[in-house]
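S.K.: Before I ask anything, let me first share the structure, which is written out below as structure tokens.
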Amino acid sequence: MMLITFLPYTFSLMATFPQKILGILLFCGCVMVIGVIQSVIVLYAFSRPFLLNEQIQISENQTFYKHHILKVIMRVPLMCLFASIFSFIFFQLSYVLLAIVIFLPYISQFLKWCRSKAIGQVEETPDSMQFYTFLPNEPLTKERVEAFSDGVYAIVATLLILDICEDNVPDPTVVKEQFGGSLVAALQVYGPEYLAYFGSFATVGLLWFVHHSLFLHVTKTTRFMGLLNTFSLAFVGGLPLAYQLTHEFPRNSHNELEAIQISCVIIFFAGIFQLTIWVVALYNEQETLHPYVRYGGREHVFMLAKLALYPCVALGTFFLTCILSKFSAPIFHLMEITVPFAFLVLRLLVRVGLALLRQIFCPDRPDPRTVVEEEDDETRVPFNALVT
């Protein structure tokens, strides 16, 4: 973990000094040491089988599992070793090798497909490898995804709190000399900062609420869903930057307009990746989603509206600020204030909208709530009872 927390510093060195190889060497060295440590952990676990996954414990091919896991773990460190060597010869190639690491699973699958076409299908081992493949459909522990996400949201909220506490407390001398000792009058100067803080914190809280609702209905996560979740968290991490930008520049200036539009883009992508996770889960809904939010489920439309609210509002705010640039700041802050209230009445709005659509397009169709349908035993149990 110590080496992992050091990686952002190596990224900063590579971005600041792209012509110097020290950043590449530090990054590659950290990754190689991490790979060695992980390999030692794997060897230690296989020396004590009770520490292993249940599927591996009962397998007769533990040696094959061990070699396969070690091969997957050491794949990235070996690429970093080659990248560090090439950095002394042609450092641009080192960046190419590091970029290839991201696509290694797909390159491996492509090479395996080419080999099967050239020499025929290779006989599979008795135990088909369901884990440790780095493929997009590989299962991923849902609890760890949620724990990592909660940690990121907590850090982002903490950064917002630290930002509002820094440089936003008036100096006693200034209050006495310029505002006649009135603290309320002095705090009015910081009005835009406070408005931006409460709006940003509400945005973080509601994005976390939507994320919690999403994974409450997801029964199994995959590596691809984890990747999309990471992208969403990356933009959530940009919300403190959005908070700083929205009150940094003079009112009605071009810089203020661009700062607000950047904030809209950050909120849009943070929400759209959450929506994408749900769309991916719908693709294999029988395995990944609770029946209530599948197609035709009781909560399907409500879940779609909840996940689509922030992307739609952020996109609409972006285009509205392009048209009404003079009112960009009031429009953006109005969006941040009204969205929480929209969440409170969202279920009512969804029901009213569905009722209107039913009356317009299907006036003769009976209300689905009055139709008795045969449901399996799982859907008959209330969702709260299942969670309990």
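Backbone N, Cα and C define each Cβ position, glycine as well.
Found this in TrEMBL, in case it helps:
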{"type": "TRANSMEM", "residues": "20-46", "note": "transmembrane segment"}
{"type": "TRANSMEM", "residues": "76-107", "note": "transmembrane segment"}
{"type": "TRANSMEM", "residues": "194-215", "note": "transmembrane segment"}
{"type": "TRANSMEM", "residues": "227-247", "note": "transmembrane segment"}
{"type": "TRANSMEM", "residues": "259-283", "note": "transmembrane segment"}
{"type": "TRANSMEM", "residues": "304-325", "note": "transmembrane segment"}
{"type": "TRANSMEM", "residues": "331-350", "note": "transmembrane segment"}
S.K.: Report, as numbers and ranges, every residue of the chain located at least six residues beyond the transmembrane segment (227-247) whose Cβ falls under 8 Å of a Cβ in that stretch; write 'none' if there are none.
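M.R.: Hits for the transmembrane segment (227-247): 136, 145, 148-149, 152-153, 155-156, 159-160, 163, 192-193, 195-197, 199-200, 203-204, 207, 211, 256, 259-260, 262-263, 266-267, 269-271, 273-274, 276-277, 280, 329, 332.
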S.K.: Determine which residues of the chain contact the transmembrane segment (20-46) at the Cβ level, with the cut-off under 8 Å and only residues 6 or more beyond its ends counted.
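M.R.: That would be 3-4, 6-7, 9-14, 52, 62, 65-66, 69-70, 73-74, 76-77, 80-81, 83-84, 87-88, 91, 94-95, 98.
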S.K.: Is it the case that the transmembrane segment (304-325) and the transmembrane segment (194-215) have 3 or more CB pairs under 8 Å, with pairs at least 6 apart in sequence?
M.R.: yes
S.K.: Between the transmembrane segment (259-283) and the stretches 76-107, 194-215, 331-350, work out which stretch tops the count of Cβ pairs under 8 Å.
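M.R.: Most Cβ pairs under 8 Å with the transmembrane segment (259-283) come from 194-215.
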